[in-house]
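Participant: Got a structure for you, questions after.
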Amino acid sequence: MSDFVSLGLSDWLVKQCQQLGINKPTPVQDNCVPAILEGRDCMGCAKTGSGKTAAFVLPVLQKLSEDPYGIFCLVLTPTRELAYQIAEQFRVLGKPLGLRDCIIVGGMDMVTQALELSNQPHVVVATPGRLADHIRSSNTFSMSKIKFLILDEADRLLEQGCTDFTKDLEVILGILPAKRQTLLFSATLTDTLQELKSIAMNKPFFWESKSETRTVEELDQRYILTPEKVKDAYLIHLIQKFTDEHDDWSIIIFTNTCKSCQILTMMLREFNFPTISLHSMMKQKQRFANLAKFKASVYKILIATDVAARGLDIPTVQVVINHNTPGLPKIYIHRVGRTARAGRNGVSITLVTQYDIHLVHSIEEQIQTKLKEYPVEEKEVLSILTQVNVTRRECEIKLESTDFDEKKEINKRKQLILEGKDPDLEARRKAELEKIKSQKKKFKQKIQEHIQRQKRGQLKKKLMKKKQMKNKKAAQEKP
Ligand SMILES: Nc1ncnc2c1ncn2[C@@H]1O[C@H](COP(=O)(O)OP(=O)(O)OP(=O)(O)O)[C@@H](O)[C@H]1O
Ligand SMILES: [Mg+2]
């Protein structure tokens, strides 16, 4: 493996890397940095925690130092927290250059951002929605001369998930020069390759790590099979166990909704665990403050929705718990990738109910690794079950007495109006969709139950047959 100098980086940059403990290039850096320095578009697909950020930050800084001017590079990323993290990498590595960066994300003051943009920063790191808002509403800055467009978590930016970035991306691409270098990075690029290729125009250099598995070897991947009602008791038991057995630990727990995130946080606090939450219904400043407290280990447990699933680099995280089994293998890969980063060890534990088994199978198929069962003393879990469930109910009642649901509804309506949609019409559509979904779920459950019954029946028959054969044999052998 080569060193950073032989990849074409200047001494000052190599020194800067060393100060951060970045001494030898990781494979994604080894392969992508020279291609980017050559002027090629690049698509880099490498596992979580493998140093993709430096793989694009370093060559951009190198080029910037050779020819510095105005807005030189635009980085787009799906979440606000990630935008801050990427900007920080640029700032730290680009310190000797006197690099000026600017972060454009939602939930922060637009006027201040507009001023910063008009000051011609070298690097702009943005979430697509807010940057598109600035483009629509002002002409005080120009990006017509940028040299680099970078899409970190590129597949997320281009897929049509619950937050759809495609319209905002169109607005942004509309003001960028056609002649530019486009760099796309993610741990899961492969299923959006076609969309990505249409953005990276000049025959992109494509690099993908060769390993068969899609998660890192240092990650111990576990599951616990549990009935829905016992899930929380398992969770409390697991955390208690880690607290008892380890001095230095921090845990991220992923859950599927903001409400569940809120309830779990309240519950864990009732059990005196130092817990803090991160979800999209919180005010932005609170989100940043909570994440900072978790990073500084003031709080050891972070309960988050998928807003924290991608990109966040927090070296102290030793455990990731999936309170719900992710519906998509891709989401699983990113969630568990919050631990076992940059060669460290880590554990992930996924709580699986009987209805999620098919999800686990598709995750295993995608990552080419079998999850192992996590051994638990069931007696201990059952001994706290009633207490845990009573606490949950109390927390639910407490949350109902706040205006959490109401706020959620108002936020949603605001968002829909901003998108030019009719909230009432959308609500009716959603209700119909929910109905279809629940019918489908029931149908699926029925089929699964039927299959299981059939399997049990077949097994019973087999056993009976075996028994009969044995009896027959015994009868024949009798003198
Ligand atoms: N060459 C290197 N040697 C050692 N550590 C490195 C190297 N390059 C980067 N790192 C460190 O590895 C950690 C993970 O890097 P980074 O966040 O860029 O991962 P990533 O590939 O973007 O992961 P994800 O897919 O989760 O976003 C960071 O703390 C970074 O400082
Ligand atoms: Mg990353």
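From the backbone N, Cα and C atoms, a Cβ is placed for every residue, glycine too.
TrEMBL entries are annotated by machine, without manual review.
Okay, so TrEMBL annotates it like this:
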type	residues	note
COMPBIAS	453-473	compositional bias 'Basic residues'
DOMAIN	2-30	domain 'DEAD-box RNA helicase Q'
DOMAIN	33-207	domain 'Helicase ATP-binding'
DOMAIN	218-382	domain 'Helicase C-terminal'
REGION	437-479	region 'Disordered'
MOTIF	2-30	motif 'Q motif'
Participant: Mean pLDDT for the motif 'Q motif' (2-30), as a whole number?
Facilitator: 94
Participant: Are there residues at least six beyond either end of the region 'Disordered' (437-479) with Cβ under 8 Å to its Cβ atoms? List them, or say none.
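Facilitator: For the region 'Disordered' (437-479), the list is 354-355.
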Participant: Across the compositional bias 'Basic residues' (453-473), what are the DSSP residue counts per state (helix, strand, coil)?
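Facilitator: Residue counts in helix, strand and coil order: 21 helix, 0 strand, 0 coil.
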